[in-house]
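According to TrEMBL, the protein has these features:
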- 397-479: domain 'PEP-utilising enzyme mobile' (DOMAIN)
- HIS430: active site, tele-phosphohistidine intermediate (ACT_SITE)
- 496-844: domain 'PEP-utilising enzyme C-terminal' (DOMAIN)
- ARG537, ARG593, GLU720, GLY741, THR742, ASN743, ASP744: substrate binding site (BINDING)
- GLU720, ASP744: Mg(2+) binding site (BINDING)
- CYS806: active site, proton donor (ACT_SITE)
Amino acid sequence: MPDTLRQDQDPEVTLITPSAPISTPTHGGRAKCLQRLVRLDMPVPRTVALRFDTVHRIARGAMPDIDRILAEFPRGALLCVRPSSEDPDWGGPGSVLNIGMNDAAYVELSDSIGADAASSLYQRFVMAYAIHVARLDPDVFEEIDGTGQDGLSEALRCYEEEAEEPFPQDPARQLAEVLRSMARAWDGTTARLLRQAKGAPVDAGLGLIVQQMALGLGIGECGSGVLQLVNSETGLPQITGRYLSQSQGREALQRGQKSLFLECDPRGPSLEEIAPEAFEQLKQYAAFMREKLRAEMQIEFTLENGSVHILDGVRVKRSARAALRIAVRLAEEGIISRQEAVMRVEPRGLSELLHRQIDPEAERDVLGRGVAASPGAATGRIVFSSSEAQASAARGEPCVLVRRETSPEDVRGMHAAVAVLTERGGITSHAAVIGRGLGLPCVVGAVRMGFRLHDKLLLAEDGRRFREGDIITVDGSSGQILAGAPKTIEAALDDAFQTFMSWADAERDIGIRANADTPADATTARNFAAQGIGLCRTEHMFFEAERITPMREMIFADSPDDRKAALARLLPMQRADFIELFRIMEGMPVCIRLFDPPLHEFLPSDRAGMRDLAEALDLPVSDVTRRVESMGEYNPMLGMRGVRLGIAVPEIYDMQARAIFEATLEASRDGAPVVPEIMLPLVSACREVELVRSRIDAVAAAVRHERGRDFDYSLGVMVETPRACLRADEIAQHAHFLSFGTNDLTQMTYGLSRDDAGRFMSDYVQQGVFPEDPFHRLDAEGVGELIRIGVRRGRQGNGGVMLSVCGEHGGNPESIAFCRSVGIDYVSCSPFRVPVARLAAAQLAIQDKMG
Ligand code: PEP
Ligand code: MG
């Protein structure tokens, strides 16, 4: 019968032929893939596909014409039913094999393939039907120890006893019940939640395919297995898979089975040795599929008396590193285009390549969970303070710094640690930002763990106690804290990675810079091909031992002269910092943000620190304590910080501007001329920019005059208060560039503390109050609206103004899409997120080109 006529008669049941109307959105990926295999003339058993809407109706009790389905197959053929969801990763109910097996078929098969094989097939079906369809307890069959006819009789007896009816003999009833149970399983709550967690939409559909069985049991070489041409972990060419004689489905992959290797292998017997022709054919089929389906495929096959049947082909499961290598190799062999290769790697997966990861095979003893704030995994001994972290590093012992939260005082400890764990905080809190900058695995906001810092005790969520020196592992990619030292795998920045990223860069149409504060950050940024530094947070430069004291003296100075003297000690250090940065980033823009945090963050917070400072300043401890307390603010993030310091204590910015200009001249002496970009934080009024700009211009003029040499620089404004967005037109008239600081802008738009939001963010996201943590993915509706206004007005005020985003969102793929859509020139993110941002931006450009 021609296909078209068949469809007219019953669109619910579609025989898979080369021209049948089958598509992934209506019948699912497996059905579509089988059609492709049929078109390639592969030996695929006869198969019928049921559409999503048909399966949906089945779940509600409306059966398609079962006799119509059976009529597609030879009388008495055994069948299997497999799920076919739109995306294979969304899973689906397990396949049911051997449908149609009954007493009559048993007699017939005993003649053709032998009584043992027939008994085994029947017994398998009875048990699968009992458990997956009749929903009987699997324990019912546990007692059966016989095989062959005895085992079968036992299984049938157990079924009858538990189900209170004889095992159904009618193939039509068997098939209908299997279809119904699989359709219903897809609608179950657990299945729904699981697939939604993998990105499936709420109304994702399920297709089912009904396929004639290739038995895998019987006379001659019979069996089943899977084969693929690459290693799923490494992505390197390697024939992998298993084969098991006298087996069905994926039994060859079950542990404890005496499965064979595929290729000759010194570790044991192989399919190549026992059935060389079949092995050769399988390899050829796999290579043909790879070329024609333009993907690495895993084939599920069955041998029936030595002849090969291909039951299924699925895209090979792959780690991120394998995905990248596979895509590069397919493009290098001309099987797919470079653009397609770029589209085939998930940007977020890239961070797996940039950091050491926990081996996916390793056992995980989870002690607690928090926000996955900085990816990668590291193992070390617990320490509870920065000084202990430094001491541990000095002894050569890797350590994990455990703190309630971190502050700038902890930066040195963080440098010394291999990972950080904090009780408080969210995705943009101090530990998270610094962790990402350093490429240091970090979990923050682990509120369900106990942080008894005074007792030097960390309590797991289940109450287990961990003391200083105990070994734990921080998995900053998943947000888990693990006991001990599970096996890890190294970062993979090989040639394939470099090639792949160069293809991505060729497509990209938005700039990517890095947020880098130290020479180490800048070097990482360069290695990851950032196009400059988009944000250098200068305050981090003042925490080193020899700097913190003059810094504190400057803060404590009573008179402008004393302040100047302290700043004069800091000037050469700052100058040296900038010279180094400019040299590392030679030929690229470096955007330096002037001092931002409230000054009191640089003062000690504990008694020992106060005493040290009193000694250094030659003052009584009580004076120092009083002074520190008097500098405290109720709301420091909205207090005396950013450009407000630049107005109230202008000598600090004067010193920084001078250091930048002197470094510019110095670095330009032996390299390409440097054009520094200077950025003012936390601006809310145009007048702030005018005032600070005139002082910086004056410093520039003074340095030019003193040195007798000219240089250029540009001045920009961080747009990170809602008012700066609204007044962007007048602000832009005094600036060469505007950079949206989306961390503070999110904090201020929501009125949501970036350091405290971690405490309730997961509740908010779970209950759907926020679709996602807005510090993580830019809130396109609210914060985004302010950015749109800022972009429009900024360009109105100054047509040539350059616009960028330098908050943490700059490394988030969805946020990059937003930035690109509103016309941002570049985004800047932590160095380790630069490759992710480069790939995400490239994919957006390719999507646009492809329409
Ligand atoms: C911001 O607020 O977005 C920003 C980049 O600055 P910081 O995180 O240093 O406040
Ligand atoms: Mg900010």
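Keep in mind that glycine also has a Cβ here, set from the backbone N, Cα and C atoms.
Curation plays no part in TrEMBL annotations; they are all automatic predictions.
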Exercise. Setting ARG537, ARG593, GLU720, GLY741, THR742, ASN743, ASP744 aside, what same-chain residues sit with their Cβ within 8 Å of the center of the Cβ atoms that define the substrate site, listed in sequence order?
Worked result: LEU535, ASP596, PRO681, MET718, SER739, LEU745, CYS806, GLY807
Exercise. Per DSSP, what is the residue tally for the domain 'PEP-utilising enzyme mobile' (397-479) in helix, strand and coil?
Worked result: 18 helix, 26 strand, 39 coil
For this session: Using only the Cα atoms of ARG537, ARG593, GLU720, GLY741, THR742, ASN743, ASP744, which the record gives as binding substrate, return the largest interatomic distance in Å, rounded to a whole number.
Result: 15
Seminar exercise, completed: Taking all protein chains shown into account, the Cβ-based neighbour count within 10 Å for ASN743 (substrate binding site) is 19
For this session: Scan HIS430, THR742, CYS806 for recorded positions whose C-beta lands under 6 Å from an atom of ligand 2 and note them, or write none.
Result: none
Exercise. Which whole-number value in Å describes the distance between the Cα atoms of ASP744 (substrate binding site) and the residue listed as 'active site, proton donor'?
Worked result: 11
Seminar exercise, completed: Cβ proximity for HIS430 (active site, tele-phosphohistidine intermediate), under 8 A, sequence spacing 6+, ordered by residue number, returns GLU405, THR406, SER407, PRO408, ASP410, ASP755
Problem set entry | Surrounding CB atoms that lie within 10 Å of the CB of ARG537 (substrate binding site), all protein chains | 22
Seminar exercise, completed: Same-chain residues at least 6 positions away from THR742 (substrate binding site) with a Cβ under 8 Å from its Cβ, in sequence order, are GLU720, LEU778, VAL783, ILE787, VAL805, CYS806, GLY807, GLU808, HIS809, GLY810, SER815
For this session: Give me the non-local Cβ neighbours of GLY741 (substrate binding site): same chain, 6+ apart in sequence, Cβ-Cβ under 8 Å, ordered along the sequence.
Result: PRO681, LEU682, MET718, VAL719, GLU720, CYS806, GLY807
